[in-house]
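Q: So that we are looking at the same thing, I have put the structure below in structure tokens.
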Amino acid sequence: MKKAFLKTLKDNDLKVTKNRLAILKELEKREVPTTAEDIYNAISTKGEKYSISSIYRALNQFCEKNIAKRTAEIDGTTYFQLNNGHIHSLICERCKKIIPINHCPIHSLIDDIENKTEFIVTGHYLEIKGICKNCQKKLSKEELECIKNSDEELHSTHKCKDEHCI
């Protein structure tokens with residue numbers, strides 16, 4: 001693993017540092033996108049001193065070199081993930097949980113786009129926002145209907161506290 005990280009950094013003309021290696025190792029551990037703050041908290045507990053600005057700088061360099069990707073932005077917080085090909089996620093708008101989609105549901109759409117537009121798709125990621133099963137359990141039936149149907153009449157007849165109903 002460490003050899004692969006060393007090669008990745010060298011192949012991309014990035015200096016090999018403990019900071020960069022720790023960030024790459026932490027990104028590799030995670031199945032879902034993560035924040036710079038989460039990485040900072042994880043690697044700082046191991047006795048080393050890191051600054052959050054150094055972590056952001058390294059993550060931005062990784063994105064520029066296509067080693068990592070910015071994969072989501074939730075409430076102004078950017079999430080990062082190693083660039084291992086397809087990145088597909090479900091994001092709960094309430095609890096902010098990120099759930100990976102382990103298959104690619106849009107291959108036929110890409111084929112259709114390429115055929116109709118003469119555009120060659122070289123990459124993609126899919127991010128679907130919604131409400132996870134646990135958060136749905138906390139909603140009333142009326143609120144769930146409101147969300148599912150986005151019916152203006154339903155919005156005006158209940159006391160939904162969700163911003164989409166205001």
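Backbone N, Cα and C atoms are what each Cβ position is placed from, and that goes for glycine too.
Okay, so TrEMBL annotates it like this:
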BINDING   HIS86, HIS124  Fe cation binding site
BINDING   CYS92, CYS95, CYS132, CYS135  Zn(2+) binding site
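Any idea what these are sitting next to in the structure?
A: Its Cβ placed at the centre, HIS124 (Fe cation binding site) has 14 other Cβ atoms within 10 Å.
All protein chains included, CYS132 (Zn(2+) binding site) registers 17 other Cβ atoms within 10 Å of its own Cβ.
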Q: Measuring Cα to Cα, how many angstrom lie between CYS132 (Zn(2+) binding site) and HIS124 (Fe cation binding site)?
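A: One finds 23 Å between the Cα atoms of these residues.
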Q: Highest Cβ count within 10 Å among the binding-site residues CYS92, CYS95, CYS135: which residue is it?
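A: Top count of Cβ atoms within 10 Å goes to CYS92.
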Q: Between CYS135 (Zn(2+) binding site) and HIS124 (Fe cation binding site), what C-alpha distance do you get in Å?
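A: So the Cα of HIS124 (Fe cation binding site) lies 28 Å away from that of CYS135 (Zn(2+) binding site).
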Q: Reduced to three states, what secondary structure does DSSP give CYS95 (Zn(2+) binding site)?
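A: For CYS95 (Zn(2+) binding site) - judged by DSSP and reduced to three states - the answer is coil.
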